[in-house]
Amino acid sequence: MNLPKRIGVLTSGGDAPGMNAAIRAVVRACAYNGIECIGIYRGLQGLIEGDFKELNARSVKNIINRGGTFLKSARSKEFRTEEGRKKAFENLKKENIDALVVIGGDGTFAGASVFIKEFNFPIVGLPGTIDNDINGTDYTIGYDTALNTVVEAIDKIRDTANSHNRLFLVEVMGRDAGDIALNAGIGAGAEEILIPEQNMGRERLVESLGRSKKSGKTSSIVVVSEGDQIGKNIFGLAQYIEENLKEYEVRVTVLGHIQRGGSPSCYDRVLASRLGVGAIDALLRGETNVMIGIVHNKVISVPFSEAIKGSNEIDEDLIRVADIISI
Ligand code: F6P
């Protein structure tokens, strides 16, 4: 593969805090290495529609601290079609772009992988999602910020839960992965944490809450991952608990998209910067069809085929810790 002279960068799928820091790092690593950098707006959809703008080191000033993505993002249905991908390839040729950096989740990497096979076009990916559900990297860009947002919200909920001796069910994001729920739950001192990787069942949940009530707890927080089976109908679960654990009045808070916004944490800014520089390093080494991730605090490359294999395994020891400290 010839070394790239002009690359494109885009953000795709659900946005995540730190995406701007990642774009900034990519753009500046390009400038540092004498590579031209083109911003592609609205993700893979913008690639199909030719929504391009040249970026230089100064185009990305004052964005390291900003949430969202200034390049905007989309979930493109058209890119799933052969015709859509062909249009995208034509646009890249027209613009003389010879490699791409895509920042997104497993859906983005799956699409990129197909594109590489069809057009033999070099692409490197960066994991950008709050869910932390990408195989082959310990952390994804945006996850740490989302955890802090959730913990801050639960701390506030705890104040009112305490004042009224209530039980709160707090639903958090994560699609099919329990990472946000488990780690934020531990950090916020939740009494119970429901995650898709572990099926607790309503009866066991009520039994456990009943025991902790008897042991002297006056209020309780249950963190429920959106993908958890018994949490799927969170209002139904609240009703079930009220009917079977009369001592508690139950309230529900769905945190929703608040978890995707906000200024990125320092951890996410540093991670995004390291991975952004890592993406250009990888392209300069002639790598393609890989995601740049972090494992044991080292920047590494993983084939897209590995990255899209499904979520990172849940750490069983975290579940054990959560059980012990919520007694
Ligand atoms: O993948 C990030 C995420 O926020 C998931 O946690 C959630 O299930 C999904 O995106 C929501 O997607 P949308 O913003 O398209 O509704």
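Cβ atoms are placed via backbone N, Cα and C, with glycine included.
Copied from TrEMBL, the annotated features are:
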ACT_SITE  Asp131  active site, proton acceptor
BINDING   Gly14, Arg75, Ser76, Gly105, Asp106, Gly107, Thr108  ATP binding site
BINDING   Arg24, Ala25, Val26, Val27, Arg28, Arg158, Gly189, Ala190, Glu191, Lys217, Thr218, Ser219  ADP binding site
BINDING   Asp106  Mg(2+) binding site
BINDING   Thr129, Ile130, Asp131, Arg166, Met173, Gly174, Arg175, Glu226, Arg251, His257, Ile258, Gln259, Arg260  substrate binding site
DOMAIN    6-283  domain 'Phosphofructokinase'
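A map of TrEMBL features onto the structure.
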| residue | record | contacts (Cβ under 8 Å, 6+ apart) |
| --- | --- | --- |
| Gly14 | ATP binding site | Ser73, Arg75, Gly105, Thr129, Ile130, Asp131, Arg260 |
| Arg24 | ADP binding site | Val60, Ile63, Ile64, Ala272, Ser273, Gly276 |
| Ser76 | ATP binding site | Ser12, Gly43, Leu44, Gln45, Ile48, Gly84, Gly111 |
| Asp106 | ATP binding site | Asp133, Ile134, Ala307, Ile308 |
| Gly107 | ATP binding site | Ser12, Gly13, Arg75 |
| Glu191 | ADP binding site | Leu209, Ser212, Lys217, Ser220, Ile221, Val222, Ser326 |
| Arg251 | substrate binding site | Ala161, Arg166, Leu167, Phe168, Leu169, Ala238 |
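Taken as a whole, the domain 'Phosphofructokinase' (6-283) shows an average pLDDT of 97 in this prediction.
Ligand 1 lies within reach of none of the binding-site residues Arg28, Glu191, Arg251, judged by a C-beta closer than 6 angstroms to any of its atoms. Same-chain residues that are not part of Gly14, Arg75, Ser76, Gly105, Asp106, Gly107, Thr108 yet have a Cβ within 8 Å of the Cβ center of the ATP site turn out to be Ser12, Gly13, Gly104, Gly111, Thr129.
The shortest Cα-Cα distance between Val26 (ADP binding site) and any of the binding-site residues Thr108, Met173, Arg175, Ile258 is the one to Thr108. Annotation: Thr108 carries the greatest number of neighbouring Cβ atoms among the binding-site residues Thr108, Thr129, Thr218 [cut-off 10 Å, Cβ to Cβ]. In the three-state DSSP assignment, the secondary structure recorded for Arg251 (substrate binding site) is strand. Counting every protein chain shown, 31 other Cβ atoms lie within 10 Å of the Cβ of Val26 (ADP binding site).
Binding residues for ADP (Arg24, Ala25, Val26, Val27, Arg28, Arg158, Gly189, Ala190, Glu191, Lys217, Thr218, Ser219) extend across at most 53 Å, taking the greatest CA-CA distance. With a 10 A radius on its CB, the residue listed as 'active site, proton acceptor' counts 28 other CB atoms from all the protein chains. Ranking the binding-site residues Thr108, Met173, Arg175, Ile258 by the distance of their Cα atoms from the Cα of Gly189 (ADP binding site) places Met173 first. Looking at Arg28 (ADP binding site) and Met173 (substrate binding site), their Cα atoms lie 32 Å from each other. Local packing around the binding-site residues Gly105, Gly189 was summarised as the count of other Cβ atoms within 10 Å of each Cβ; on this measure the leading residue is Gly105. It is Arg75, among the binding-site residues Arg28, Arg75, Arg260, whose Cβ has the fewest other Cβ atoms within 10 Å in the structure shown.
Look at the Cβ of each of the binding-site residues Met173, Ile258 and count the other Cβ atoms within 10 Å; the largest number goes with Met173.
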